[in-house]
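As structure tokens, the structure follows; a few thoughts come after it.
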Amino acid sequence: MSPQTETKASVGFKAGVKDYKLTYYTPEYQTLDTDILAAFRVTPQPGVPPEEAGAAVAAESSTGTWTTVWTDGLTSLDRYKGRCYHIDPVPGEENQYICYVAYPLDLFEEGSVTNMFTSIVGNVFGFKALRALRLEDLRIPVAYIKTFQGPPHGIQVERDKLNKYGRPLLGCTIKPKLGLSAKNYGRAVYECLRGGLDFTKDDENVNSQPFMRWRDRFLFCAEAIYKAQAETGEIKGHYLNATAGTCEEMIKRAVFARELGVPIVMHDYITGGFTANTSLAHYCRDNGLLLHIHRAMHAVIDRQKNHGMHFRVLAKALRLSGGDHIHAGTVVGKLEGEREITLGFVDLLRDDFTEKDRSRGIYFTQSWVSTPGVLPVASGGIHVWHMPALTEIFGDDSVLQFGGGTLGHPWGNAPGAVANRVALEACVQARNEGRDLAREGNTIIREACKWSPELAAACEVWKEIKFEFQAMDTI
């Protein structure tokens, strides 16, 4: 045995299992600007100290394994290991802690959300020492952000492309989501766009099924877009869902959309995967297409308060991977979304810089430097009576998307679109005049009903509709 091999195998190495906290719990550690920081909500198994649980998370999501290995001596663990550097008990919860973990930047491949998540959340969530584990937030350092392209275009470029300023954009998901032929689908798209909407949308599970193949849908929707544009003088779009079973097929659909000259395509970024999403985002930037992102399957990951991953992390990941719009809840509709928490990750999507604010669920100050912003999309169980609240909550840089709230109008699709456009214009005008949308919202809508019979009919249909359930996503 050579002296070199003898040194590796014997010096400083003792086989066996040792406590994680001896190596990975480092409360004296001063975080670096280049570290990726994570806030985990940790629920240890009975008898497991929080320091050991936090250290276990740091170890298993970086360089650690269940036993001491002699190859530890072949590298610098201090350079590459994750560190649990701070632990806070969760107020009002028994045996639950927020454990803060710092990861050296060298652990992650440049420009890869896939690799970042594989490391940080890929394996540790099944760890037996933990009863539950939730990733609440990430601080992405500027040095890592600059390795990503981010959104294909961003908010300002989109407004310039569409020539639409000073108000939220209006959309509609075509219903029924499945079962329509391509021609009938295109008819519904035309009627909604002709009535005053900016966008219509494929539902997330509309891909290329036997009743409506993707190429037929793309052709009829393009015809609807051009006809509506010619008649209204406004730029229109339809989110053509390019999501497919393979990346190659997805790109083929995006290429066809570009050849048709439409402005925007769509992707289901969680079910489709981050690698596919980043590839599509790169194609969209190179070819002038906007990219709408649907978050189908997000609630499987983020709905439970104690286990999984908060949507603010998925939102940050999307801003890195690339998308110009993303669904973000409504606060007021049928889908989950507590107001302050929702506004917290809406700001993370749009703003260049967000301060740490635990009251809104923001655990870290985050700078996005020159990364373009993403438009949040409010959709799910909303209708004209919600328009004042949505306009006040989300502001101009948003997309307000009414599916049933457009197509469910008693007079048809086009009058439903008219009702939504009139309600939005009335709310924007009232806001610009200094009126309080939160206090006077219903009055503003009723006043607009006097000169819009379409809006009056919509208000009558949905006057009693409410979705009042306790939000599970709380601080």
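Note: Cβ is positioned from N, Cα and C throughout, glycine not excepted.
Some features that Swiss-Prot has for this protein:
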| type | residues | note |
| --- | --- | --- |
| ACT_SITE | K175 | active site, proton acceptor |
| ACT_SITE | H294 | active site, proton acceptor |
| BINDING | N123, T173, K177, R295, H327, S379 | substrate binding site |
| BINDING | K201, D203, E204 | Mg(2+) binding site |
| MOD_RES | P3 | N-acetylproline |
| MOD_RES | K14 | N6,N6,N6-trimethyllysine |
| MOD_RES | K201 | N6-carboxylysine |
| SITE | K334 | site 'Transition state stabilizer' |
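Sparsest Cβ environment among the recorded positions K177, H294, R295, H327 (other Cβ atoms counted within 10 Å): K177. Counted over every protein chain shown, other Cβ atoms within 10 Å are most numerous around T173 among the binding-site residues N123, T173. For the pair R295 (substrate binding site) and E204 (Mg(2+) binding site), the C-alpha distance works out to 8 angstrom. The most crowded of the recorded positions listed here (K175, K201) is K201, judged by how many other CB atoms sit within 10 Å of its own CB.
Within the set of binding-site residues (D203, E204), the lowest number of other Cβ atoms found within 10 Å of a Cβ is recorded at D203.
If you compare Cα positions, H327 (substrate binding site) sits closest to H294 out of the recorded positions K175, K201, H294. Cβ neighbour count for S379 (substrate binding site): 23 (other Cβ atoms within 10 Å of its Cβ, all protein chains included). Calculated from their C-alpha atoms, the gap between D203 (Mg(2+) binding site) and K177 (substrate binding site) amounts to 6 Å. Taking the centre of the Cβ atoms of K201, D203, E204 as the Mg(2+) site, the nearby residues of that chain (Cβ within 8 Å, site residues left out) are T173, I174, K177, D202, N205, V206, Y239, N241, M266, H294. Of the recorded residues, K201 (Mg(2+) binding site) and T173 (substrate binding site) place their C-alpha atoms 5 Å from one another. Put simply, of the recorded positions K175, E204, H294, the one whose Cα is nearest the Cα of N123 (substrate binding site) is H294.
Site extent for substrate: the farthest pair of Cα atoms among N123, T173, K177, R295, H327, S379 sits 36 Å apart. For K177 (substrate binding site) paired with E204 (Mg(2+) binding site), the C-alpha to C-alpha distance reads 8 Å. When Cα-Cα distances from H294 (active site, proton acceptor) are compared across the recorded positions T173, K175, E204, the shortest belongs to E204.
Following the DSSP three-state reduction, the secondary structure of T173 (substrate binding site) is strand.
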